[in-house]
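Everything below concerns the one structure shown next.
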């Protein structure tokens, strides 16, 4: 018994794990205090806990058994740096980086293995198009390469979805050109062939390059790429804005751009062309010279003719017209909408409607212009993408799904405030500047609102836009457009010789007398009459406006009344005779619903001017913004060439003043710094006279619309030698681009 007792005492585990009957056998009376079934359940439960802990935490046999409360606590821990909670919280970025590294490492290995397994694949990539193209169908440009013993490639200056543009030197013509290299793919080739056809058609009707369209010199196929050779141009208008730190250019310079663009759109609207550009934006309007205001429109890759519309998704979003957004039929008016957006952006420095998508774009348009008319939305296939129709038949703008973007109520973001009409311009930056009065801004706002008419049928047309008072100059205004006399494709001057008392009119196939040149690009031309008076423009004076029914060309080309003869001298030894219509009363304008009465005569002889060889005092009040690509004036000390004033007692006409007083040749021979636009020192963009006897000098000049003549509307304004000198000083200070420096960066012409 003693031995058994020792054995029992030495094995506490047997006592702990023994069932109740073993305690009875040992003489211990513990089982009587609890029921037999309860004891069995308790022992079974304890055994399960022990088994679970033993399997979860393997203990060393030599380790002492923990207390019951300690059995639930882990004895070993994972490295905190590898804990999932830490990886997905504090080290989340590191985790993602590691995932990316592993993913791309595997991808790179698979790519290398694939190339190793199929050596022909790598060889095929190398010799695509006999090694001349990359895998994106673009020609591999090599600087210094010579093409066809004619073109020496200088550098790549542009790239786009169409292909690439390179700067090259033409050794035959001895000039720099821009070559647009189309991708070696059928779809791009087909579209480029349309562009070539349209460019050739436009150049055919603009042989003197007067209408601000880029000149396509020639085209050819080279190594399976269609190549278009263009004249070399300078910066685009977006580059110009960027170099003003997006503060915008002056209203004077904006006016110059506006008139040239309207002239170009008038040219595109001629019946023989009827071309829609479809992608007007600052990037597609290029300066001809970094120190001049002359511009040209480029990139007709998306263009089409009126009867051959191909695409529905056209125009860059910021400049997309309502009819394109709404899916209704479009015509040439979409380019006028784009122009309105561009002009505001050029002056404010910021896009007028900068939508992130089409819904946002329409919402931003509605903020400024209000809800489109119901008759437009009722016919629009995509109206319900942007608007919802109320039970009473009106339309409201749809609320955004996320509700994050908040828009101002329709029509409450006024253009009046955007332009800063009464606050000194955008941001008050133009306060006190000459040419930025409230009256100037009211004219600008009015013409922009006419360009941004929702209804394409009543949206102002180029012909009428050119006659808006924004382009006119009054007796007290010296900063409006300059003395360009240039012709529109629809209304040309015919040649004539003799004195100012002789007038000849060319009907171009139609009979009758000429009454007006109102389709010409300078509708600001003021005319002398016997009393020495000239017409003055009031703030909202717009003699002809958008008609209710859209017309390609102005109504009434001929009238029975005899024209008034006016002489305007454009050179000390020359003068030009124009046909001026009799005075007419201004027709009051009701926006989008005006009625207009005008008489015009269509001249078909392009590029011909009526010149006579007599010296006369020159007329001062004739503003026009046309800037020739070849003819500009410097500000100097001598009075000669185009700015000279000849004193003549035989004429009582007032004189048209240029802002510089040295001839065009002097400007051409003057070295031009490549990185500056200081017009106060090197010339001015304010005024350019562009009627010459030498047809060669007319290259790059716009057309010249004449204004209606109205007697006794203002005092005569005569310019003396002293006044001209003072005028030159004013122009030096008010030069539209004085102080604007643009870093040299050649821009492709298309």
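From the backbone N, Cα and C atoms, a Cβ is placed for every residue, glycine too.
As given in Swiss-Prot:
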{"type": "REGION", "residues": "56-81", "note": "region 'Disordered'"}
{"type": "REGION", "residues": "104-129", "note": "region 'Disordered'"}
{"type": "MOTIF", "residues": "109-126", "note": "motif 'Bipartite nuclear localization signal'"}
{"type": "DOMAIN", "residues": "151-471", "note": "domain 'Protein kinase'"}
{"type": "BINDING", "residues": "157, 158, 159, 160, 161, 162, 163, 164, 165, 180, 230, 231, 232, 233", "note": "ATP binding site"}
{"type": "ACT_SITE", "residues": "279", "note": "active site, proton acceptor"}
{"type": "REGION", "residues": "400-434", "note": "region 'Disordered'"}
{"type": "REGION", "residues": "477-531", "note": "region 'Disordered'"}
{"type": "COMPBIAS", "residues": "477-493", "note": "compositional bias 'Polar residues'"}
{"type": "COMPBIAS", "residues": "494-517", "note": "compositional bias 'Low complexity'"}
{"type": "REGION", "residues": "583-666", "note": "region 'Disordered'"}
{"type": "REGION", "residues": "584-612", "note": "region 'Histidine-rich domain (HRD)'"}
{"type": "COMPBIAS", "residues": "587-608", "note": "compositional bias 'Basic residues'"}
{"type": "COMPBIAS", "residues": "610-621", "note": "compositional bias 'Polar residues'"}
{"type": "COMPBIAS", "residues": "622-659", "note": "compositional bias 'Low complexity'"}
{"type": "REGION", "residues": "731-750", "note": "region 'Disordered'"}
{"type": "COMPBIAS", "residues": "741-750", "note": "compositional bias 'Polar residues'"}
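Where Swiss-Prot records a feature, it is marked here on the structure.
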{"residue": "159", "record": "ATP binding site", "Cβ contacts under 8 Å, 6 or more apart": "138, 165"}
{"residue": "161", "record": "ATP binding site", "Cβ contacts under 8 Å, 6 or more apart": "none"}
{"residue": "163", "record": "ATP binding site", "Cβ contacts under 8 Å, 6 or more apart": "138, 139, 180, 181, 182, 183, 188, 225"}
{"residue": "279", "record": "active site, proton acceptor", "Cβ contacts under 8 Å, 6 or more apart": "299, 301, 302, 303, 314, 315, 316"}
Please name the residue among the binding-site residues 157, 165, 232 whose C-beta has the most neighbouring C-beta atoms within 10 angstroms.
165
Helix, strand or coil at residue 232 (ATP binding site) [DSSP, three-state]:
coil
Would you mind checking how many other C-beta atoms are within 10 angstroms of the C-beta on residue 230 (ATP binding site)?
22
Under DSSP, is residue 159 (ATP binding site) part of a helix or a strand, or is it coil?
strand
Any idea of the Cα spread of the ATP site, 157, 158, 159, 160, 161, 162, 163, 164, 165, 180, 230, 231, 232, 233, as a max distance in Å?
21
What average pLDDT is reported by the model for the region 'Histidine-rich domain (HRD)' (584-612)?
39
Through the lens of DSSP with three states only, how would you label residue 165 (ATP binding site)?
strand
For the region 'Disordered' (400-434), DSSP counts of helix, strand and coil?
7 helix, 0 strand, 28 coil
